[in-house]
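Enquirer: This is the structure I have questions about; it appears just below.
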Amino acid sequence: MLEEEKVIPVRVALRCRPLVPKEIREGCQECLTFVPGTPQVILGKDKPFTYDYVFDPCTEQEEVFNTAVVPLIDGVFKGYNATVLAYGQTGSGKTYSMGGTYTSAQENDLNVGVIPRVIEMLFRVMKEHADSVVTLKVSYLEIYNEEIIDLLVPSHDKSPINIREDPKGDIKIVGLIEKVITDAVEMVSSLEQGNSVRTVAATAMNSQSSRSHAIFTIIVEQRKKSDKNEVLQSKLHLVDLAGSERQKKTKAQGNRLKEGININRGLLSLGNVISALGDENNRTGFIPYRDSKLTRLLQDSLGGNSHTLMIACVSPADSNFEETLNTLRYADRARKIKNKPVVNHDPQAAELQCLKQKVQELQVLLVQAHGGTIQLGNRHCFCAVINTCLDNDSVRDKRESDPFTTQNALRQAQLSKELMELDKVLVLKEQLARKMSQSDEPMYSQYQVNIQNLEAEVTALQKEKEELVSLLQNAKKDTNTAKVSERRRMRLQELETEILQLKKKVVEQSKVVKQKENATRTVDKLNHDIQTLKVQRVQLMRQLKEESEKTRQWKAQREREVLQLKAQDRKRRYELVKLEREYQQQSNVLRRKTEEAAAAHKRLRDALQRQKDASSKRKDQNRGMEGMAVRVKTWLSNELEVQVSIEAARRPLNSLMDDRKLLAQELASLKEKKEAKLPPSKLPRRSFTLTELIESVEDNPSLDKHIESLESEIELRSAQIADLQQKLMDAANEEKQKNCWESMTTMSEVKCGVKWLMGELVSCKVSHSQLENEIEQAKMDIAEIQKSLLEEQRLRVELETEQQQQLLEWGQRHQEKVSQHFPRTRLTFHMELFENENEIQRLKYLCDENQQLIEEKELYKQVFSLTRLILMFSLQCSCKGRCANKQCKCRKQRADCGEHCKCDAEHCRNRISSVLDAFNDEGSDGSFKLDDPTISESCFFLPLNATSDKVCLSNITDLGETALKLTRKPLTVETEAISESFTKRKKKALLSANTSFFSGCTPIREGLE
């Protein structure tokens, strides 16, 4: 229950919302600490604020209403005005607390705000006042861009609204509709009507941001049934202020930016009014109510006739540290405002009552005048006696009140003395806590923990290295693999022998074919059979030609797919190297930003220390004219350096917040990836490629390590952010800023200061102009470089296109050469078709078996490459020489030195080019060249480079109606010489050095042309 007092302060309730999902995703930490059992909150580490009510993020709407708002409603029915004012940063929960978006569908919702609960309680209390006739009226307005808009009137019926002040000083709103309400449903309907037309828009910080200040007013008139002339009239203002905004965070543009400017202007005027009302040293007594329409409407609520409650809504996220600090200071100043609430009677009813009383008195006098006469002397004596008694009573009351006044003054003096002592003790404790927090002990302990962690990592890596070495040695000792390889080599040699025999048969058959060509003229008896065979041959040729075309298309498609897969592999490797580069750059940037933050921190601390030293020296020095210019210059330079240090510290603070936001987003994506990754089901046995094996090794343990690394980085950034925010809060102390200019008391000091500042401004302007010229020149250089870069990229694309075309042409030429490898004539086809069918089937069987051996060998090769790759990353040597002997750990394990080794990269003889060097080296054609990770000509081989019969048949044209005659003639000397020469050439080609160490298998090189 409210007590009737002459002067009461404005009540302040602090309410903190929880962290929203966006802030959690950005890795924000809470910067507010709530003290249990006391209405106190601590910002940062050691900045306490005390209010009338403090509600933490777990507090429900009902508790806020019952604790802070219910006493105001009780006062409303006693005739007092009341105001509930919600203030805070945009997105801090003002509209949620006030219930500015309430609809009738939320009637039973536990999260409804203040306004719906006030409506429900008003009608409940009305039923308890059965001895009075209560009339309710409501009005709903918003201040949008410094224009008052009535929300209860349709847009086409709206008239201009003006603010007027009556002779008694009360504020009147001319043109505002006051709607008479009979029940709660009608009042809720009016609230919904106003909420539906209120100006709301989305910003980067809030999807439903209020773009205007809204005031919902309930007017309560009470008329006693026993005495209808006694009327109490009170007002309840429910104010939902728009939040203060920063364009950098809201990303407002256009109309949103204009709205934000007007919102901040109104809140600035409100802050000036609160500062003026709360300033005890305000001698002029001027309050700037007329600077804004908002302050004029709230004139009675701030320093006037009203019980006022301010609900200060704040965000606990450290990314909103400055806005939260400003809101806390704003609310702390509001507590110093003193209001003078009085019971509000209806002025017309009061005047009517006064006139009636005068009429009654006159009627009594008239009756007495007509009823007889009274001796004036006796009446005079009676009045004198009454005056004497009254004087005695007043003297006695004064004597009784003097001891009470004296005792009260002594009590006030004692309390003031205790308060000063407490302030001194508090300052000493704050200094002690600051010194303890700045000591080196936490840094030393953290250093020891880091050393232990590094030693543990070194031990784990050494153990893993020893395990890998033992595995490698075991693999070397295993003799089963060598036996299997020996058996396969012997089998391949047998196949080579068989293939050579078959080739000899082919050569002999070619001789027979030539003999048949010479004997065709004598074959006349078989004309009828040959004609029949011709028809069959034509049909077969067509079929073979179709199959050959299909085979050619299939091979071309497979070649295109292989090229695409190779291109994808090159692209993936390039992206991998690119990601590694980006990660390295990001690490360098983060390290640089950390160093910048530490430097700004140190600079700010040094500047504050110099400012403190200069202030103490200035107090010790005299205030004479001697050395005034030097003294003023020194003081101004220190103050300027402090302000510059503060602004310089804000830049790395914002940079650290952006870095933490990116790290938090990456951490969230990794956690989602980890959660979405289900355990693999049992798969059938199959052969894995090198890429799949590498990915399977890298995915499992690296994900958890990456998450732990990101979490530690986020914790480090949060600690740095909290430290910088604490220093900025200490440096930008409100009292320091308020009293910073009080040391300049004379006009001479002011002139010296202005002169020095003007010189500094001129020098800064000159430096700024020079820097602008340098920036313009740098921009021109960058434009030229970008232009040349685009030209180089265009040339690179053209060269890549030309290279692809050349590759396709070379492939086509290769196919043509392969198809022409063993030229066949028309006359040889018929006999080869019937005589070499068995040999072809056998060759196919040998090719299939050879292909199976190739696949098995490729699998072993991939496993060996993977093992070598793992060893390359695990082994690390620390040689000081050239790694030329087996004293080098890497060479001893038959591995190459890598980027993790501590040996000199320039002099080391045991290094190979990494994938990164391959990407950095560009070929003459402008494209990137990737080195093959395997050893050339080791185990990659192709089947026998023999031309298929289908390809040969595809080049044979129709024989037409030519008659074939098969006759055997004796070989001449010339024919035999030609045949022998052809046989020697074939044998030389088959036994040439182009074949690999696997007999019968040729590498990817062309054979005979």
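Cβ coordinates are placed from backbone N, Cα and C, and glycine is handled just like the others.
What TrEMBL says about a protein is an automatic prediction, not a curated fact.
Pasting the relevant annotations from TrEMBL:
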type: BINDING; residues: Gly88, Gln89, Thr90, Gly91, Ser92, Gly93, Lys94, Thr95; note: ATP binding site
type: COILED; residues: 707-734; note: coiled coil
type: COILED; residues: 768-805; note: coiled coil
type: COMPBIAS; residues: 592-623; note: compositional bias 'Basic and acidic residues'
type: DOMAIN; residues: 9-337; note: domain 'Kinesin motor'
type: REGION; residues: 591-625; note: region 'Disordered'
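Looking at the shown structure, can you explain where the listed features end up?
Expert: Annotation for Gly88 (ATP binding site): spatial neighbours Lys94, Leu241, Gly243, Ser244, Ala312, Cys313, Val314, Thr327, criterion Cβ-Cβ under 8 Å with sequence separation of six or more.
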Enquirer: Return the count of C-beta atoms lying within 10 angstroms of the C-beta of Thr95 (ATP binding site), excluding that atom itself.
Expert: 26
Enquirer: Which secondary structure state does DSSP assign to Thr90 (ATP binding site), in the simple three-class scheme?
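Expert: Assignment for Thr90 (ATP binding site) reads coil.
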Enquirer: Cβ under 8 Å, sequence separation of at least 6 from the ends of the coiled coil (707-734): give me the contacting residues as numbers and ranges.
Expert: 27, 29, 31, 43-47, 318, 321-322, 325, 329, 590, 594, 597, 600-601, 604-605, 608, 642, 645-646, 649-650, 652-653, 656-657, 659-660, 663-664, 666-667, 670-671, 674
Enquirer: Over the coiled coil (768-805), what does the predicted model average in pLDDT?
Expert: 86
Enquirer: Give the number of CB atoms, excluding that of Gly91 (ATP binding site) itself, located within 10 Å of its CB.
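Expert: A count of 26.
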Enquirer: Going by a 10 angstroms cut-off between Cβ atoms, which of the binding-site residues Gln89, Ser92 has the sparsest surroundings?
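Expert: The binding-site residues Gln89, Ser92 were compared, and Gln89 has the fewest Cβ atoms within 10 Å.
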